[in-house]
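Report on the structure given below.
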């Protein structure tokens, strides 16, 4: 791995026998025991492992839920309630799965922001980043289709609105929408289509995750300094160092997850989804799940026609563009320096971007009226400007801070500073990263 | 570059200011006589025995709520997801539940002759619906079917707005449904502001989530339901009891959930401390 040769030595006869035929133990040893990780990784780097856990949680709870679920419009809603009321631990399974989707997205957003902050997408990690974007896209499709399955009011109306986007595409739009729906409107074929795909896509995600981890193990992890590993002193073996640190990060994350499951399980959901879908009764405000809200705001920000593009198509293009632009980030960022730690201006614009993204999410939950519309437009403008203007230009104009020569040098310099304030160093050891 | 930053800062201030102003304007636009945003008034928060991390249902209250449902609400509202057998959780024994179920008539069949027949209800039966189907329910109620009550306490929630929705995470506020139901049931006595037009056959209620008035007439009046545990027989008490009962009907496993949560949180906390100490020990020999 990482270009280095394997240090695995089989100890017993059985291990030697297996190693000569199918060296799976060697692969595991090299990837999760001996794999060298930068010694200065902080807790922002634990979200990859957390995401792996969330995927497993979703697949396991999902597989059991399917044993009790009925994908038929006349039964779906009631079957979910049967799970909640009559299936042993059914309420736990369903609340884990529903909140699990949200926490999967919380983790992926933090993971993406970590990548943006430390410049993790820069060469030679472009493919690693793009594979991540593909996983994110697949997650969105899976999340959306999963939300339709309980067949509540927001399930049906959310599906109506989101599949309606496709009609904005010229020529093939209507055909595409009807292909997705399996008819002219959201009905039984829609439910069966989405159920089938919702079961399929997580396994596709798992496949792309394997590629993502493979690519990671070829190029190695980045680190807060953004400097590549230069010598052995820059790294530590994955086990026990990263294993135990990841484990702690995961437990903290799971504790927050458990808090939501057991105490406020419906906080992240919409009350309307506890009313069965009725295609004749439109809810007052149709809103998607919270993790789509920033994109929902971008969609509705385009209230004007641009030449031959009407506002509807414009909105759909802006929304998909907001995701598509992520794929080009490795080439939009022209800076030679990777990490925001050494880029004062980038750091500023990054945090504004973060706040702006949260604000967009809040706007997404609001109706498109009054001052919300100009706010959505201003926020959308900044969203795109960050990627298309700030990223390319900043690399040319910004003067980065002095970079340390190596990870080891950065760590030693930092700890020398910390020794001057020993009280602070012991009070917050986790921030030493 | 500095100029850019100053410009940016000024712009954001301007933006924040203008949005605050615009928000005021939106509120003002929510005209008193012709409001556009509902409910007109936010639900009044009540104190519930089942709120908080150690909350439990008050069984006596649930039994009273069941009585209100049976004698008042069930005339129009179905509760088709709740079976009689579940009533044992309200503190009734098996014989009492059997007797309760037997008071209802349930259609069964077909029998060996191919005929449908009526028989007394059994604990495994669900609460029978007052109308044979949604269309009949709508026809008998001025065009809109009264909603099923099995999930009502989770299906109604008034948006809390910023920053309240952030605070709600920490206070574990999950009683929006019962607060809404209580507020609606006790909100009929208010008079509409001058100039407001109330559609014929509807009743003004500032707590209604979907408009200024609703088709349901005030369903409760003082002394309507007789309580045999000495609780006050007032609309306020009825409203509390039915709201608590509906929360139970919507979330029957809530107590089990919160108790399991306590074990899980305790385990994660202790395990977390141990792993953290292990992590400190492992990393103590390297500078990082």
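FYI, residue positions are counted from 1 along the chain as it appears here.
Yeah, the Cβs are placed from backbone N, Cα and C, and that goes for glycine too.
According to TrEMBL, the heme c binding site annotation covers B:73, B:76, B:77, B:216. Taking a C-beta cut-off of under 8 Å and a sequence gap of six or more, residue B:73 (heme c binding site) has these contacts in its own chain: B:149, B:219, B:242. DSSP gives residue B:73 (heme c binding site) a helix state.
Per TrEMBL, the feature domain 'Cytochrome c' maps to B:60-250.
Feature annotation from TrEMBL assigns region 'Disordered' to B:109-143. Only residues 6 or more beyond the boundaries of the region 'Disordered' (B:109-143), in the same chain, are considered here, and those with a CB under 8 A from a CB of the stretch are 74-85, 94, 97-98, 101-103, 201, 215.
Positions annotated as signal peptide by TrEMBL: B:1-22.
Annotated transmembrane segment per TrEMBL: B:260-278, in sequence order.
Spanning the listed heme c site, residues B:73, B:76, B:77, B:216 have a farthest Cα to Cα distance of 11 Å.
Sequence-distant neighbours of residue B:77 (heme c binding site) (same chain, six or more apart, CB under 8 Å from its CB) are B:69, B:130, B:146, B:147, B:148, B:149, listed in sequence order. Working note on the binding-site residues B:76, B:216: by count of other C-beta atoms within 10 Å of each C-beta, B:216 ranks first.
A Cβ within 8 Å of the Cβ centre of B:73, B:76, B:77, B:216, the residues given for heme c, is found for these other residues of the same chain: B:72, B:74, B:75, B:146, B:149, B:219.
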